[in-house]
Each structure stands twice: as C-alpha cells, then as structure tokens.
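Just below is one structure, and these are the notes that go with it.
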Amino acid sequence: MTDSFNSLKIKSLESFSSSNEEDFVLDALDKLDVEEEISSGIDEDEFDAKLSGIQTINFEKDWIKISHQESPLILKPKMGQQQITKPNNQKNKEKEKGKEKTKKENHKSEKENSEKGVVKKPRLLSKKNDFGILNKNMKHYKDTTQNYDQNKKKKDKKSTNTLPITKKDQKLIDSFLIVEEVLEIKPKKKIKQNNERQKGENTKNKNNENKNNENKNKKENNNKENLKKVNSNKEENQETKEKEQNGKSQKSFVSKDTTTLFSQNKINFYQDSEQDLRCDPLRIRYLINERIIVISNNVVYCYEIPNETKIYQIKGKLILTNYRIFFVPKKPDVFQYVNVLSNPIIPLGAISRVSKFNNQSFGNGYYTTGITIYCKNFRVLHFYYPDKDPMKTVFEILLRKAFPLSVKLCFAYKHKKKNKIVDNGWYIYHPNIEFQRQGLPNGKWALSKINAKYNLCSTYPQFLVFPKGISNKEIVLVSKYRSKGRLPTLTWIHPSNGASLVRCSQPKVGITKRTSSVDQKMMKAILKSCPNSTKLFIQDCRPKKNAMANKAKGGGYEIIDDYPKCNLTFLGIDNIHVMRESLNKIKNTCIQSLRSEKKWLSSLENSGWFTHMQKIIRSSTKISKLMNNESQPILVHCSDGWDRTAQICSLVQLFLDSYFRTIEGFEVLIEKDWLSFGHKFHQRIGQANSDYTNSQRSPVFLQWIDCVFQCVNQFPTAFEFNEDFLIFILENLFSLRFGTFLFNNDQERKIKKLSTNTYSLWTYVNQNRKQFMNPYYQKKIIPIYPEYKIRNLIFWDNYYMKYFLPSELEKRKSFKKKDFSINIQFENLQYLSKEETKLTNQLKKLEKKLKKLKKIEQNSKRKLKLK
C-alpha cells in the first residue's frame, strides 16, 4: 500500500506519521480505488500544478477530494464528528509498544495450542468492498480468540487519540469477513485439556466464550452451506461439459433449456451493495471492477437546446472511471427540466476522438480551456475549465484510457469476476447444433473439419459445410482460387425444398482471366445438391464497375462461359467508404437539426442512407423469393465476403427462417454469419484506435441493424424482440463492456480466450429477456417480404436522435404508437390477402379438375348410349 500511496505524490501525507491514521487514509482511498496511473510519466512539479484545482479530503456523500496544499492532510468528517489533527510522537511510541506486546502474547498462545494438538484453519470466504477489491489493511476486525479481546481492552485504555469511527466506517468494518483463525481440537486429545485455565477465568470471560462459540458455529454453518453451493456448481459445470461433448444433449442445452439455465445461474454484473449508487443525482450503479481514476471539480458542461437559442451551463464534477466518463451536477434536479437523455454518461469505447481548445467562449460565459468529446453514437459534448492545469491531466488520462495500446487493456477484460458460474452466452451458438436444426448432414451436404486449426482459411470458422463429392485436395485448390482463401461454403438450407444459400469471396480472375476447373466443379456440385433447381444464381453484391476495377488487383468476377447453368447478377451495393461518408452526412444533419430543421428532408435525401438500405433490402427480398418460390440455389459474394455478403445472407435468413426472428435465433444469426465468418469488427468499429480518419472504419453492422429495424417496423408481430433490443446491441457494440464483438475473427477470439476472460453480451440479454420481449409477438412460420421502396422506409430517430428533448421524443413515440397499431392491422390484412390468393388459386385448380371430370362423365355417357 505504501508504493501506491507514494505514487500519488501527495506531499501532505508525508507529514502524517501515525501508522494507524495512515492506514485509515489509505483505506479511504481504496474505497474509491484511485489508480496509480495518474502519476505515470508526470514529474512532481507538473503533478502539483495539475492538481491545483482539487482541494481537500472529506467524506460528504462518499466523495473524496485529494488535498494538495502546504498544510497537513485534513479529513473533514460530517457534522458532529471530531476533526483529525497531527498526532504526537509519544502516543505513536505507546501504540508500537502495545502492538509488540500483543504479538508476543499471540505467539505464546500459538505455542500452547500446538502442544495441546490444536489445529488452525483459515476461513475460506472474504467479502469485498464497494469496488470489488479486498481491503487487506483493514485493522478493525473481529477475532474469536481470548487473547485478542484482552489486547483490545489494553489498547483502548492506552490510546486516547485514536481515529473516530463513524457509522459508515462501522458498516464497512462489519461488512468485511477477514480471514479468522478457528480453533479445532483433534478428537483423540479431547480429554487432555487445560482445566487450570478454565478455573482461573472470570464469569465475564465465560459469557464472552459462549457468545464467541455461538458466532463460531453460525460462521461454520455458513461456510459449510457455501461449500455445498460451490460443490453443486462444480457438478453442474461437469454436466454442462458432458452435454457439450454429445450432440443430442447440446441441442437441448442451447435451444430450449437456455432460459432455465440463465435463470438458475445468474451472473451479477453490478457491485453487490446498494451503496454503490454514490452519485445521488444520477443514481449510477457501478459495474464489477469499475474503478474511479480521476475526480475533476469546477467543470462546466454546456448543452445546446434544439430549436432554441438558449444554452444551458451546468456546473459540477467530471468523474472518469476505467469504463466510462460521466458528469455529476451540483444541483441534483438539473437534468429533469433540461433533458434526462442529455446527461453525459459515456463509455470510453464509444469515444471516437477527443480534442482540446483554448480561449473560446460558449454562450454567455467565457472559458479559457476545454475538452470536446466526439462519440460514435452521434454525441458531441463540451466541458469547460476555468484553469488549464486540471484540464491537461484529465485530457491526458482520458486519451490513455479511451485509446489503450491494445484491446486487452479495455474494460471487458477487467469486468469479468472470477466465479464458478458458467457464462452460457459463449455457448449459445455451436455449428453442429445449428446445422442439425437445419437438417444437416444429409445425403448431399457434409460437415468438414478441414479448417479445425484454421490452416485452410484463418478468417473462417472451424466447422464448414461442403457438397458431397468434393475431396479435401479439391477444397484446398478452391480456397487458393478465392480471395483471402474464403471458398464457397453453406450457411443455410431451405427446410422444405432444399435450396441452399452459399457464401464466399471473389475469384482471382485478374487481367489474364485465370480459370479454375476445381472451382467449376464446386459450382456444379452445389447445383446438384438442389434437386429441384435448374440454375445456380451467383449474386455479386458490388456494382459492376467496382467488380471490373478489382481485376487490376487480381480479383474480379466469374466468367459465365466457364460456368454452365449459372446466372450472374450485380446487386449494386456500394463499398465501405461510401457507407462511411453517408453516415457522416447523417451525423451532420442530426447536429444541424439542433439549430434549425429547414433542410431536414433534403439533407437526409442527400446523404444517400435510404438508397443504400433500399438496395440491401431489395436484393435480400429477391434472393429469398428465388429460394422460397422457385427452389433455386444462391451463391453470394462481394470482394472479400465479410461485409456486404454478411448483410445479404443474414437478411435472407431473417426473412425465410422464423427461428432467427426470436431472441435466441437472432443471437445465433449474429454469431454465425457475422462473428464466426469473420466480419472485421475491430477495424470497422475502430476498437481502441485513436485514428478516427482510418479508412477501414465503416458502419456495416449498424446499417444491417437499421435494415432489421425497418422489418420490425413493418412486421411488428413477426419478431420476438423489440426495438430496445437492437439499440442495446448497438450501444454495447461500442462500449467494450462485453467480449462478444472484440477482434476480427473466430481464431483471434480463441487465441485471446475471450470466453474465459470476458463476459458475453448474450448472457446479459438472456438474463434480462423481459426488457427485450415484444408483447405483440405471434409465432408464424411463414416468410416475410418487406417493402423496400423509400417511401416505406422511416428514419430511426429513437437511435440517431436519441439525445433529443424528451417532449419531442414523447410526441414522436405517441405518434409511432398509432402507426404501430396501423402496421399491425396492415400486417394482418396482408396475411389475410395472401391466404385469400392461396384459396383462390386452389379453387381455380379444383374448378379445372371438375371440368375435366365433367367432360369424362359426358364422354362415358355418350359411349354407353352408342353401345
């Protein structure tokens, strides 16, 4: 503790000589868990100047402010408590003597107990403080031994200048279960006990012994019960491991029994006690292992009101933890009449960039320095400081925490608590179980483990599905002909007609027009696997110009003359760079709408966001109709097969398979077609990367979620989940709280051991299913075909304009409720109209049959008459 104490470089603590009082101060700092990284790379003089704005230490509302004045450290307790002054050296000597005496007496008692055959056992349980760290220096604890009680009385008589213990401190003391020594006598030596010691004891000590024995028995019983619970958890974990080895048992583990498993083994993601709501105005619950790093006072948060000239200037504190940054106003009710959603609580992973400015004015006030935070969820926040020095420390620490050197330093690795509860979210998807649900393997498709060690393709999953009749050597040759080794493999098969959905990357045709006979054989095998099909429809997601330009880089597209019975179409979906520019235009329109809405519709149209979504939804509906109505196999690819290919394939499965429209099925769909097939989340989101201009960043996954929202809006009874579920996924896509979206592919996640080091997003979702359930859900197996015209698409204001005025949002929500009921009626009408068309077609067929039967009857009657 002394190293961490000195690393804070607070000069006033050097004058503090008493060991007990120093430990008390250190324990107080441990409650907030101020990290040592504040002083790294900063000299003493610079650190002194930077903390000049922070004043004293007090315990008002559990807040601690670090004193950096020339005067000695002063602890200001609440009203009615004594103030702590600098202690005398004579009293410290007396305390040290008392400690030495207690050590000698305890040593003697240990020798006597060892001679009598007394065995010492440590307690197994230890309770943690508010921030999940064991306070090892806590000296106010209870001991069951008699020697400790006697020594405690001596200490109380000698030390008159001890620290005052408040009610809060006493609660913290009682909350700790520090390792105690429990005396257990061996059964053979029960007769050989000291009767002389028992006779010499007073009646008061006997009563104390009885009380201590009762406490011992209670604690031992509690420990036994806890050990039973741990053993039961071990047995349950062994059972789950055995289920994972067996395919049939795995099916029940993932599909039906997930709700019961999650309800039984619930993981607590928040700190245990309710005292963690330290921020009284905001009522924030701290997460497990979330630690406060910096508390910055005298900060002004400026918030601009939409469609008004008024600007709110809110004074308060800026608090930075290892997970997020948030602002605490001095007036607790300030956000109730401004905007609850405007309250700045930002995960560090959601920060896109941070900039500082000097000598700028905002509104009516003039401030010398400030920080501007640009977020990935369209937020722009301004914090102003009256002095430069405290702003520099906050700015430097914020840069280090928001953009660490590696992803391993993010909060997802620190959040997971070491417990024996199985994190079931990592086992929600298994390829064997999912393909068994689809009816595989069958006589035409087979599961392959050729990529079990990621030697074939490092960005593909371990288990792949190929058509039968293709050898392993041919599979290797096909992977060499496809870009990044991403060869054609099955992702979904139609349950009734056997139409297959296959995904891959572009062929390496190049300028020389290279061909591959093995690749042609693979296409023929895919076509043969679908008995009712006549052609293989190759769907290239790119515009034709872009596909032709890729020939110069060694890529290209299939030459139809070399692929008989194949049809090639270009879907015309633009690349990641166009999507990034389109989203930036959406951001600018949202920010400009705070001041004026004159060009709202024109700016949305000029962004091109709706036209891009229209192309994606239109292409997916056409492919789904080809598979469902005409039983045709589909092969989808773009340049590398991890961006636009994932969008199209996952939407097609969402339209045709009702399982993927449930909460569990949607989780499996993301795990299968996005995570396991190697969508580069690390590069597309910019995880732990301060280069906000990086060309690899693109909102591909966000765009797909927006397309899903359009379907949820058009078919409100077809999905088990609601809109909040989609927003929650996007918020935790950037937050770096869970390990689900970390890194680029399945191989990297296995190497980094995310399943053991981090929590899964799906664990939290499945434990809180009620928040994300759709009350209008009606289970239907029929496919859905959404309308893809621009007039049928809506702007997702609950996500893009989430930080708007609550009055405006309530108006829009109430308006949407009416639209929602209209959509339900419209959906029911669509369903009835489809059934009517089916019945009319059946009637027409029956009428034709009746006509034929009537003709046969007439012919038979004529023949009888002639005879």
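Counting starts with 1 at the first residue shown.
Even glycines carry a Cβ here, placed using N, Cα and C.
Automatic prediction, not curation, is the source of TrEMBL annotations.
Between the listed ranges 479-513, 829-863, TrEMBL ties the annotation coiled coil to 829-863. Ranked by how many other Cβ atoms sit within 10 Å of their Cβ, the recorded positions Ala552, Cys638 place Ala552 at the bottom. Reduced to three states, the DSSP call for Trp642 (substrate binding site) is coil. With a cut-off of 8 Å between Cβ atoms, the residues of this chain six or more beyond the coiled coil (829-863) that come close are 780, 782. Close to Cys638 (active site, phosphocysteine intermediate), meaning Cα to Cα within 10 A, are the following binding-site residues out of Asn550, Ala552, Arg644: Arg644. Residue environment of Asn575 (substrate binding site) contains 17 other Cβ atoms, counted within 10 Å of its Cβ in all protein chains. The average pLDDT the prediction assigns to the coiled coil (829-863) is 81.
For Arg644 (substrate binding site), the count of additional Cβ atoms within 10 Å of its Cβ stands at 28 [all protein chains shown]. Look at Asn550 (substrate binding site): DSSP puts it in a helix. A 10 Å cutoff on Cβ-Cβ distances gives Asp640 (substrate binding site) a total of 19 other Cβ atoms nearby, all chains included. Packing around Trp642 (substrate binding site) is summarised by its Cβ count: 23 other Cβ atoms lie within 10 angstroms of its Cβ, all protein chains included.
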